[in-house]
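Participant: The structure is given below, and queries will be raised subsequently.
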Amino acid sequence: MTNIRKTHPLMKIVNNAFIDLPAPSNISSWWNFGSLLGICLILQILTGLFLAMHYTSDTTTAFSSVTHICRDVNYGWIIRYMHANGASMFFICLFMHVGRGLYYGSYTFLETWNVGVILLFATMATAFMGYVLPWGQMSFWGATVITNLLSAIPYIGTNLVEWIWGGFSVDKATLTRFFAFHFILPFIIAALAMVHLLFLHETGSNNPTGITSDTDKIPFHPYYTIKDILGALLLILVLMLLVLFAPDLLGDPDNYTPANPLNTPPHIKPEWYFLFAYAILRSIPNKLGGVLALVLSILILVLVPALHMSKQRSMMFRPISQCIFWILVADLLTLTWIGGQPVEHPYIIIGQLASIMYFLLILVLMPVASVIENNFLKW
């Protein structure tokens, strides 16, 4: 008799995706981040659901409802901090996952990669709107500054901003709609993640060498299920260390002050995971130019497959490309640091140089290095 997991319509899907899936025998720990992102998403949806049971999306009560969650709701504080720091863990996993894709040439799976870029945009939008909900000073001013950027769009800009705000400033209508969008988007992300997985399973996983692994496949279960469980335990360990010992380490103290439209904080900055893009935005003196650079800093990922000039897929055997990749990582860390600094000398010039370097590395130096490496191999 055939096993039920291979015949039942629903279990068959699960079986083909997580149990009998043929996987390369040599995929490293860099391949753990996909499953970790899934765990992060489930965790965020669950903690978010329980927070939504006690949160009120009204300008007069939003801040105090978050205080109520932390003070009066049973284990409300841990749910709130797991949600806030869970977002940080989510983005750490996202950046590692994208970095892995860049390093090992996984972007040659075009559909999987493009759905991944859409997922990145959706996650960034969700995180931004979630940051507005506690209605602290940085929530309010962050929302005001970032939504205001759309006014740089010629002709329709001002109307677009007022349409998003639901009025002439960030107010009750804005908060309510941001809560609605923040609630629905994670489910859209979950659906997109399934599409992402669907496209991936059409081709099978890449591996560190970038060479086809059809000759040496192993079943996903038990080999990679146990490996994913180890990754999950480490993820939860780091998350709980953050939540229980330093819950406000990655947050902004200004967000413990209720939103006040009459008082602008001295330094408006987003959460740490947006700082690199914020630094690129600020490095251009022109408003529209800054907005375009901000969007392109993420959208550039779509161009990466077209810029792949190497005859090898992975960077495993390409030392020059490896050097450029790690310079890019250092450049992104520099941008993250600059994004959190005030707009003054020498931070302005460092930010501008790091922004130029970012686009130069991806658009020029990586393809050039690939061509040089091809010539070395007499290909």
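Positions of Cβ are set from backbone N, Cα and C atoms, glycine also.
Keep in mind that what you see is a predicted model, and the values were worked out from it rather than measured.
Reproduced below are the annotations present in Swiss-Prot:
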- His83, His182: heme b b562 binding site (BINDING)
- His97, His196: heme b b566 binding site (BINDING)
- His201: ubiquinone binding site (BINDING)
- 33-53: transmembrane segment (TRANSMEM)
- 77-98: transmembrane segment (TRANSMEM)
- 113-133: transmembrane segment (TRANSMEM)
- 178-198: transmembrane segment (TRANSMEM)
- 226-246: transmembrane segment (TRANSMEM)
- 288-308: transmembrane segment (TRANSMEM)
- 320-340: transmembrane segment (TRANSMEM)
- 347-367: transmembrane segment (TRANSMEM)
Participant: Out of His83, His182, His201, point to the one nearest His97 (heme b b566 binding site) in space (Cα versus Cα); all of them are binding-site residues in the record.
Facilitator: His201
Participant: Fewest other C-beta atoms within 10 angstroms of its own C-beta: which of the binding-site residues His83, His97, His196, His201 fits that?
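Facilitator: Per-residue Cβ counts within 10 Å for the binding-site residues His83, His97, His196, His201 bottom out at His201.
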Participant: Can you tell me whether DSSP puts His83 (heme b b562 binding site) in helix, strand or coil?
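Facilitator: His83 (heme b b562 binding site) sits in a helix per DSSP.
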Participant: Please check if the transmembrane segment (347-367) comes into contact with the transmembrane segment (178-198), where contact means 3 or more CB pairs closer than 8 Å and the residues in each pair are separated by 6 or more positions.
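Facilitator: Between the transmembrane segment (347-367) and the transmembrane segment (178-198), contact is absent.
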Participant: May I ask which of the stretches 113-133, 178-198, 226-246, 288-308 has the most CB pairs under 8 A with the transmembrane segment (33-53)?
Facilitator: 178-198
Participant: Residues with Cβ closer than 8 Å to the Cβ of His182 (heme b b562 binding site), same chain and 6+ apart in sequence?
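Facilitator: Listed in sequence order: Gly48, Thr126, Met129, Gly130, Leu133.
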Participant: Measure from the CA atom of His83 (heme b b562 binding site) to the CA atom of the residue listed as 'ubiquinone binding site' and give the result in Å, rounded to a whole number.
Facilitator: 30
Participant: If you measure His83 (heme b b562 binding site) to His196 (heme b b566 binding site) at Cα, how many Å is it?
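Facilitator: Pair distance, Cα basis, whole Å: 24 Å.
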